[in-house]
């Protein structure tokens, strides 16, 4: 009997319909379109799902004339070959040094052209000198010939005396004619030699000049050749460095791909029956039903017998949840102290650290933080907490009655469950491709081992949460440690080593601070982007969702991408200063803003800009719509604070029962140096008086006069001008109040350019012979 008709799809070839990112996980929906099914049994296999998938969240739905009879999910070794998926492309590394060498040779030839020209001129002069010297030699030869012929004639004339029968007259005539010819030849040679000598003397300076010029040109050409040789060597060095950088970049890309190359992948096998009158059912693999959710395209059964044997088509939808993709908020808050306004840019940082690429899909952000831990996990019931007296001789376990035994036991169980949820299989066991020896060696040279963690890269990942429902519900933040920014991402640092998200020197603590909420995550540092488009927002019940505009592509990367969620404008921003001069003589500036938008601001890092000056990064607390939050802005340098040493006056009082009294005087002087602003500033000045724990010790506040005791908050006017002069009388106003635990607070409105002195005077009385000491 033949087996079922089998088809296989790789997840990278399946289109992604949508991705819903949660603060600690993501839900992905992929489509399998136009699946051709043969009548009878069919088996569809989807391979390549990221190993970080929660296998219990895999769900298959669809439409068509078929029914899903079984779904099997297995974690199998990755059958893909790394070098086939990511082949090395060396075409961009081809050497082009020959072209550079040709260019350098052309430059050298151009440099030697001047020397060749001078050499040609010198050669012409020398050829001319050679020709003149040849002619001079010919002229000298003519002179020598004439002189030799003359000697012959003279010898012939002398020999006439010895001869007889000689016609003297004819002989002399012959002698005269011949001698005249010899003389003419001699004179002609002499004149020619003289002329040639003059011409040669004229050309010799030109030859010397050209020889010097030739030597100069030769030296110049040699320098140019040396310069060209150095330039060629420099170009070769530059090319070698460029090739080395290319090799490093290839190694970096290889390492980054290694980080997301799965050693094992989930494989989903879907068994279907096609060609029958089917009834839809549940598709979850953990469901009791054996059927699945493939709905009928038509309720009409085939009427013709031939239709039963024809192939049918169906569309399937595969959805699953992964813990290695998430989003985190990031903010940029720009405040203006002149207009008391602010603008908050609410951004989302999208992170995909799975092995999958989600291309051209709709991306939705969700703030869902509800966690599904199983139907067996119900709200606990309180057990009666009973007490009894134990005698001194009876057994006692040494535990006080602050916590009941049931409370301790339940807390231990809860902590153990949260710890179990936070555990995740190490990425080193799930990801990593085999490396070539040379590439491995380069990787070791490029990245020091001390900079890498056990995962092979520089960023930790959020811990996995337990099985969840298909809506992507996330566990409480306490059980899921969020990622922290390491030495900037997979790429080399651009601006230096990134600091962890936080205030970076801006600390804030007060009654408005909130603890880490359920959605509190440590966010990644933001990378600046050029522009954004706001997202659409929808809030239903406890969850808010943001639909990002346009289709997005999320590739595996250790670096988060940034998307604008919203831009919120704040008005009536209250800037306050708090002075605790007893500890630090400084005025700490703080801005209080009210969230008038419909958005809930999640806890996250925020870049602060005040009047166009970047201050640093702080943590923006969670703030619901309509609530207010405060942001620290550091020290206001325009407010000068002086807090001199205290003055002490001691005395003894009483007749029958003597006692000792000490009067302590402290003063805080504030100066608003921002005279040009013209607007007053609000300050809260805090100081304290000691609180006695013994009834024999009595502490009375003398100034500000009229402060109520026992934590009364009725304010009284206080403060005097901090400087002398009639212009200093209009310094503003201050109201003092006595709070609990001996805290004295002044609410001050200080005008521009003015100064105020706040005096705190208190009296401490105790019996004579006793001493007052601080409680340890």
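One is the number of the first residue shown, and numbering goes on along the chain from there.
Each Cβ is built from the backbone N, Cα and C atoms, and glycine gets one as well.
Summarising the annotation, TrEMBL assigns compositional bias 'Acidic residues' to 84-109.
Per-class residue totals from DSSP over the compositional bias 'Basic residues' (221-241), listed helix then strand then coil: 21 helix, 0 strand, 0 coil. The compositional bias 'Basic residues' annotation in TrEMBL covers 221-241.
Per TrEMBL, the feature compositional bias 'Basic and acidic residues' maps to 242-253.
What TrEMBL records for 19-153 is domain 'DUF4140'.
Model confidence over the domain 'DUF4139' (316-767) stands at 73, taken as the mean pLDDT rounded to a whole number. Residues annotated as domain 'DUF4139' in TrEMBL: 316-767.
What TrEMBL lists as region 'Disordered' is 84-118 (among others).
As annotated by TrEMBL, region 'Disordered' applies to 219-253 (among others).
For the domain 'DUF4140' (19-153), the number of residues in each DSSP class (helix H, G, I; strand E, B; coil) is 67 helix, 44 strand, 24 coil.
Counted with DSSP, the compositional bias 'Basic and acidic residues' (242-253) comes out as 12 helix, 0 strand, 0 coil.
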